[in-house]
Amino acid sequence: MKGSIFIRVATLSFGFAILSQVNGAVIPDVPNEPHIHSDLEVGDLLRSGLLTGVEPEVVTNMLRNMIVPSYMQEFLKLFENKQLLPDLLTKLFDGVPTEHCKTHATEWIWRVADRNISIANELNKWVLHMVDSWGKPPEGLLSGHVNAYGDFDECVNIKVADLQILNNFTNSENAPKSFEGRYCTMYIADYNTSMPTALKRPGTTLKEYMEEMGANGSTSDYLRDMEIKRAVSFEELLRLVMQREGVLISPSLGVCMPNSCSNLEIQQILINAFDMMYTPIKGSELYPEGLMWPSPLGGCYDKAKPDFDAADISVIALLALLAGLCLISGIVDYWLNHGVDKPLKRGLPYQYFMSFSLYTNIKKWLSTRRGAEDMGCLHGIRFLSTSWVVLAHTYYAITFLPQWNMVDVKQVYENWPVMTVINSTFAVDTFFVLSGMLVCYNLFKMFDKTKGKLNVPMFYVHRYLRLTPTYAILVGIMATIIPYLGNGPYWAVMTRWGNICENNWWTNLLYVNNFVNTSWLCQGEAWYLANDMQFYVVSPFIIYPMWKWEMMGAILLCVYTILSCACPILLVHFYDTTPTTLPTRDIGKWFTHIYIRPYARIQTFLVGVWLGWILYKTRGKKVKLPAVVVIINWALSTAICLTVLYSISNWFDPEVEIPKVAGLAYAGLSRVGWGVSISWVIFACMKGYGGLINSFLSWSVFMPLGRLCYCVYLVSLHLQMILHVRFTQPMRFDNYTQINFFFGHLIMSFIVGFFCTLLFESPFMILQKLIFEGGGGGGPRPQNPADQQRPSKRYGIFYNNADTIINAQVTEPNPKVSTD
């Protein structure tokens with residue numbers, strides 16, 4: 001039987017660290033004086049005149065009441081009876097093997113608990129800081145502000161240089177006299193449903209306990225979020241907290257302990273403390289029903305950073321080498337060739353060196369000259385789709401962090417315009433359409449040129465070398481350097497991502513990360529590259545029959561397309577999961593078994609193959625369509641896109657049951673419908689029916705921006721996360737703030753993408769061409785601007801980006817519409 005709301009509030013008061021009375025206020029500001037938690041000495045406060053005439057005992061009690069959280073005061077009452085202290089300390093440190101941890105933690109607790117010790121003096125400054133940095137019961141509880149961060153910086157900046165042990169309960173002879181603060185995030189969960197094994201049973205060792213909890217001691221799937229502006233009743237808040245799917249509201253508390261205690265030891269101390277607090281009610285029916293309990297720690301930090309190892313030094317050296325090559329070769333290039341109409345012919349070593357030239361590569365990047373056959377609309381589609389991905393990641397990034405108004409985040413689906421963001425996975429399908437179109441179009445041109453011959457090994461080698469150098473360098477940065485770039489209460493997210501890349505980098509470089517270790521994805525967004533590489537591998541077997549036996553090839557492609565639609569339908573039915581990415585529901589099975597698998601995502605690639613075939617067959621020809629047909633096609637493509645994006649808005653409500661037939665139909669047809677709509681936009685723009693849309697998409701500004709999109713796609717999510725996980729307090733979530741974040745993220749992503757393109761991508765593209773095609777005596781940089789747009793003798797098939805985000809060299813005439 002469920003306990004009353006009153007009883008639940010009583011049990012949550014310690015567990016949440018948010019439901020007890022708010023007495024964790026900060027000392028009021030003194031004009032021109034910093035807060036007590038800055039570098040201000042306690043003595044300076046006493047000398048400031050603010051406390052003139054106040055007895056020291058009163059000052060001490062005031063500080064205790066204002067700085068010591070109410071839940072901690074309740075816990076410290078257990079230590080008022082000195083005769084019980086040995087037994088209490090034994091219980092508190094049960095399962096904690098390190099004597100140094102016991103000594104330092106006991107000394108801290110002793111100084112806070114003993115009211116005969118004045119904490120308002122220089123000797124106990126570190127005691128005040130350690131207590132003050134703990135999370136206090138936050139305001140706005142009923143709006144979902146259930147995460148008490150505390151003061152991260154105050155905790156990690158604690159340094160005790162010469163500790164004097166005042167208590168008589170620990171063996172302090174060999175204990176170090178110095179330690180620092182360690183900040184940890186403690187999550188609180190329902191004892192019965194979320195953490196049934198949280199309490200270490202008597203006789204169980206700490207190692208056995210942590211093995212039961214999971215060796216890594218981390219909970220990776222809590223904390224997703226998203227908006228609205230409301231407060232709810234306490235009972236409704238409890239219901240939202242207990243709703244453990246989709247967007248999660250996970251109460252947490254920032255705690256500060258000596259860094260002589262390991263993460264697992266701090267976890268054990270907190271569990272023991274909860275056990276001691278709840279001892280009086282263990283026999284009641286409330287114990288299994290309404291009890292809240294500490295989950296595994298979300299992450300612990302101190303000021304210390306790990307030393308650089310061989311891998312870290314190697315990546316840093318590689319980056320320094322590449323940067324040096326680009327800078328020096330750029331200077332030499334400028335000195336030798338600036339203002340020279342006909343550069344001297346030089347050999348391959350010089351050309352290899354000049355492939356890194358910033359001077360040449362920036363000029364190429366800025367070029368907006370078009371050839372006679374330019375697919376201009378692809379530049380705009382490429383840039384806008386990448387921007388859409390950045391926008392989606394802007395909202396996605398905050399799902400790793402608590403927000404001030406988690407109730408609004410939990411119910412974000414009620415704001416229908418946000419569907420554009422949370423149902424944005426179709427941006428990737430646009431890339432698949434472009435990829436299928438370009439591969440098909442180029443292979444047809446190659447087969448015509450070579451009479452159906454294809455050097456299969458080199459076909460794959462070129463593709464691999466085109467993509468992998470930049471990709472590998474970014475994976476290496478993620479695996480080595482990222483942990484050194486910041487800290488914060490939730491920096492564990494970046495540390496964990498770095499550890500995953502350190503262990504699973506090989507799955508990325510083999511492009512099997514969508515099949516192997518899918519629960520531990522390195523570069524999570526790179527599942528797309530794996531899919532596209534796998535599509536590329538099978539593309540000759542799909543496209544060659546279309547070139548050799550046109551009718552038979554078309555029939556086979558039709559069969560493939562139908563099967564590609566049936567596959568997600570069968571998978572959704574088999575796994576009984578959501579029909580698409582619904583972040584307000586449990587999408588674990590959907591993501592692992594459907595969303596990232598090539599056989600469930602190839603539909604739009606095949607639609608692109610259809611488009612490439614049609615464009616190739618009609619190249620150089622005027623396609624005359626009646627005005628009515630054009631209007632109907634534009635209307636249908638627009639209607640399909642809007643239907644795909646917004647027709648399922650009510651499915652994002654986790655309380656709504658998704659109709660079985662409608663869900664399966666959406667799973668099988670939505671992405672094909674989107675691909676067909678995008679294909680019409682490209683076809684219409686290429687054949688003169690695009691009007692203002694084609695003029696916009698073909699805007700020359702999109703050309704240099706489009707060349708950055710591959711690197712932008714790979715770095716944008718990580719740049720966003722590096723910013724968000726550094727925040728030391730929760731932010732208020734609303735759409736206006738997110739849009740501001742989006743533009744900031746977009747600009748930063750393109751800035752970093754610019755440097756990655758110049759340092760990694762462009763040089764290795766030129767090197768690949770020099771190695772496999774040989775150099776011309778004048779160097780890799782064509783001096784005639786028109787030559788820059790001339791298709792290579794291999795028709796660009798080896799030099800198109802795998803996700804077709806950048807540098808597509810496929811061209812197609814864009815004749816004016818005939819008026820007759």
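Even glycines carry a Cβ here, placed using N, Cα and C.
Look at TrEMBL and you will find 98-290 tagged as domain 'Nose resistant-to-fluoxetine protein N-terminal'.
If you look up TrEMBL, you'll see 1-24 marked as signal peptide.
Annotation source TrEMBL lists transmembrane segment at 313-336 (among others).
Annotation comment: TrEMBL describes 379-398 (among others) as transmembrane segment.
Sequence annotations record features per position, and here TrEMBL assigns transmembrane segment to 418-444 (among others).
Under the heading transmembrane segment, TrEMBL lists 464-485 (among others).
Summarising the annotation, TrEMBL assigns transmembrane segment to 554-575 (among others).
As annotated by TrEMBL, transmembrane segment applies to 595-616 (among others). Through the fold, the transmembrane segment (595-616) approaches residues 425, 429-430, 432-441, 444-445, 514-515, 518, 527, 530-532, 534-535, 539, 542-543, 546, 557, 560-561, 564-565, 567-568, 571, 581, 587, 671-672, 674-676, 679, 682-683, 686, 812 of its own chain, all at least 6 residues removed from its boundaries and within a Cβ separation under 8 Å.
Marked as transmembrane segment by TrEMBL: 628-649 (among others).
The annotation transmembrane segment is assigned in TrEMBL to 661-684 (among others).
The transmembrane segment annotation in TrEMBL covers 696-719 (among others).
Here TrEMBL flags 739-760 (among others) as transmembrane segment.
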Which listed stretch (379-398, 418-444, 464-485, 628-649, 696-719) has the most C-beta pairs under 8 A with the transmembrane segment (739-760)?
696-719
Ranked first among 313-336, 379-398, 661-684, 696-719 for CB pairs under 8 angstroms with the transmembrane segment (554-575):
661-684
Candidates 313-336, 464-485, 696-719; stretch with most C-beta pairs under 8 Å toward the transmembrane segment (379-398):
696-719
